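Feature annotations, reproduced from Swiss-Prot:
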{"type": "BINDING", "residues": "Cys275, Cys278, Cys310, Glu317", "note": "[4Fe-4S] cluster binding site"}
Amino acid sequence: MSHNPIRPWRNIERRKSRQVRVGNLMVGGDAPIAVQTMTNTPTEDAAATIAQILRCAEAGADIVRVSCPTEESTKAMREIVKASPVPLVADIHFHYKRGIEAADAGAACLRINPGNIGSHARVKEVVAAARANGCSMRIGVNGGSLERHLLEKYGEPCPDAMVESALDHARILDDLGFYDYKISVKASDMFLTVAAYHALAEATDAPLHLGITEAGGLRTGTVKSSIGMGALLWAGIGDTIRVSLSAEPEEEVKVGFEMLKSLGLRTRGVNIVACPSCARQGFDVIRTVETLEKRLAHISEPISLSIIGCVVNGPGEASLTDLGFTGGGKESGKMFVNGRADHNVANADMVEHIVKLVEDKAARLKAQRDAEEATEVPAE
């Protein structure tokens, strides 16, 4: 739950779901909402895939999905799994044997698509491999690849068809005594996706993986995903997310975290509050923010920073952030620390000064967190 006793209108009551394990990560229940992305390198090229996974992990990815379309790709998974610092989900379509091979290779989770995985007997074999290797599974329904009998029944992809597909396959896993699974019901149609997830959330306690599939490029995909997934997250629905963009996977991770940060569901990195700028600005706000976003991208500790061009809203915004800079002086501005006006800084020195303040604060926060973790008593 995102709980704010002072501002209760910001509270989000998360849907109660059961927990499943994805490698060393717990998903569902009261676990943090996990941010996922997917590699786009040929999986057979282990070196390129590992390099991309490492970049995604550096950006903050909790889970990375890897497509396994060929026997060569599942062979490469052994090397990839060993080198990955985060749990890997093997993406399986059409060829159920790839799921068995991926489980044997060390994948933490198997994603299967009910629309193309095949018969009950094939699913049973995949489940046996998952159980034997400690894998969880994801039932990944997609509006673009629904089973033929459901399309004939409903006429087109619709919420009822997607939920029926998901629950039919959930029952197969339940009947096999396998409960370590999460479910997704994605479509490129935002309205269809949101409606399907709301219906699914009422019908199961399985963790739900959110996404608007084939959302588009960096700008359009971010907007569409933020509206659709943001509405679901605000309603308390969702245990893992993936922002599907026609962009590098690291960008998906960044957008995913910004979405969660905006809703108060996760905190990571610097949250910059900035004005759009106008004629009153005392410095170039747009260029300054662009520079700071790049210079502070390596910070993982949660820090809020306001960059406001003038004194109309600057002091008020700065009073709500850890650090803040407000323009208004002659080629200078006021630096706020912990919500209070602290000192003046020349515009020419502002970026370097802010970067140092943020890095120093991040170092203190990390040292404090490390000390707290070192003194924690292990659970019996």
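Placed from the backbone N, Cα and C atoms, the Cβ positions cover glycine too.
Owing to the predicted nature of the structure, the values given are computational and were not obtained by experimental measurement.
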* Structure fact -> Around the recorded [4Fe-4S] cluster site (Cys275, Cys278, Cys310, Glu317), other residues with Cβ within 8 Å of the Cβ centre, ordered by sequence, are Pro276, Ser277, Arg280, Gln281, Val285, Ile308, Gly309, Val312, Asn313, Gly314, Gly327
* Near the Cβ of Glu317 ([4Fe-4S] cluster binding site), how many other Cβ atoms are there if near means within 10 Å? -> 19
* To do: Rank the binding-site residues Cys275, Cys278, Cys310 by the number of other Cβ atoms within 10 Å of each Cβ, and give the residue at the low end.
  => Cys278
